[in-house]
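Notes follow the structure.
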Amino acid sequence: MNDEEKHLAAPANAYQPNMHYQQQQEKQTGYNAEYDTHQGGYNQNQNQDYYNHSQGGYQMDNMGQHGGYQGNPNDNYNNQQPPPYTPDFPPDYNYKPNPNAATFDEAFAVPKPKWNDKIGLVILALIFSGYLALSIIVIRAYAQTHSFQGWGIYSGENDYSLNTHTLILYAFVLATAMVLSLLYFIAARVWTKQFIWITYILHLLFSWGTAIYYLVVGYYSAGIVFIVFAALTTWWFWCSRKRIPFATIVLQTLIDVTRANPSVLVISAVGTVVGACFGTWFSFTIVSIYVKYDPDNRNPGCMTTGGSCSNGKLIGLILFAIFCGYYLTEVIKNVIHVTISGVYGSWYYCSKSDQGMPKHAAMSSFRRAVTYSLGSISLGSLIVSIINFIRQILSVLQQDARQSGDTLATVLLCFVQCCFGVLDWLVTYFNHYAYSYIALYGKAYVPSAKATWKLMQTRGIDAMVNDSLIGSVLSFGASFVAYAAALVAYCFLKYTDPSYNSGGGFYAPVVGLAFVIALQVSNITNVSLKSGCSTFFLALARDPEVLRVSYPQIYEEICRTYPPARDKLDI
């Protein structure tokens, strides 16, 4: 059978590449199969917007009263099965959501829903159970020695380790993180056009100001670290300033969706509160671990149930609690991500249809996130948490090597830490799009990651995503909140001057933990915009014609501010 016969014998719902993609394949692989517009190729009628894949594709000649994407009325979306993924082509673009569905589950139907990645559910249950058991043991020890730990900033007898004073400190840290995170999100809605510039300027001013302040007060180690961060941020801002107009268009689109769908704001607010509540529990657990397992001879916590005290046990349990806390906040954040992806996906495909937005899109998406997709979310969160945990261990080892004067070990550990940093960036980068794919199509974690990777490469959207700057801007905003919270923690320690920090030995752990807690709270708040960005680019890569037909003004603005987009989105 020759190439033409194979082409004619293709199943009706097979993927038929458009001419642009076909030409790319011919150039790259020498693929010479004939492209026959009569058998399913792209055929453009100059008199009307008409896209008809005659072998089971979609058509748009009937736009409806809203002028949006209406899909093909002959398609059976409830029974339609996605084609198998192959390394040669991305997932079939003809497998599309139903824009005229009344509910989210109908619009993004999963033919045979099942609990994906069950191993992720087991891991989540084990980690949560372990963290809960540890928390109960140590908090009970704190309660039993509460009079020794004190009732306020100065009332305790504990002058050797963290106590009630530290809990009050973290209360201020969490309040700072919550307020600034919500204000930052509100600023994105109120001053959308200026938001990216405001973020960069505030981040630069605050990072340089914090670095200079630390140097002035003699906290040189933190000052040097913040100077490095500030210098890198300045360099990044200078290199990316020309891409700000394109990023502004994308951000305006995302904010407009939040205005039209108040559920996004509600989810963000609830997520911030949940993140802050977990941060309270986490900080209480960390302080209580010191209360229970600090090996000081005066520690009454050693006499409570839960085992004896030792320095090794203290360090080990602190590391375990930090890993569990980071992992659980990642799960919380990514559940919100998947939930909001459902809302943005519904907007992209359905808001301009005759039916309009599906009913209860947020609630239906949340239900899918905490049932069928929870294992996938847990598995993806675990990978990121392990990488970050290893990075933190390497950072501690590097500091020890530097203090001991071992230059070779310091350099090697720095190199390994940089490698893990790149790995962390890559995994986090593709996790965003994998979670959006999971939200819309109900697939497992690994198939979703593979599909999004191939889809981004095929369309060339990966470079477009990098140039959008949205992820970087939101990361800078979260860092700004974390800097502010860390500064609050440092000032609280410095000016209240607790006896346990008389030698300054607790500056690093207390301030560092404050930074991490505030960063996670801010990331949870900002995930609604990050989720919207990843869902927008995922849908754009998969179905660019929907944007061109349903939202022509947005499409033209994107092409105007980012000229390569027209070639990348060749439809």
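From the backbone N, Cα and C atoms, a Cβ is placed for every residue, glycine too.
Both N163 and Q398 belong to one identically named topological domain in Swiss-Prot, hence to the same side of the membrane. Between the transmembrane segment (504-524) and the transmembrane segment (370-390), the number of CB pairs under 8 angstroms, six or more residues apart, is fewer than three, so the stretches are not in contact. The stretches the transmembrane segment (167-187) and the transmembrane segment (407-427) are not in mutual contact, being linked by fewer than three Cβ pairs under 8 Å (pairs 6 or more apart in sequence). The stretch in 119-139, 264-284, 370-390 that contributes the largest number of Cβ pairs under 8 Å to the transmembrane segment (312-332) is 119-139.
Within the same chain, residues 281, 284-285, 288-289, 291-293, 305-306, 317, 320-321, 324-325, 327-328, 331, 374-380, 382, 445 sit at least 6 positions outside the transmembrane segment (119-139) and bring their C-beta atoms closer than 8 Å to a C-beta of that stretch.
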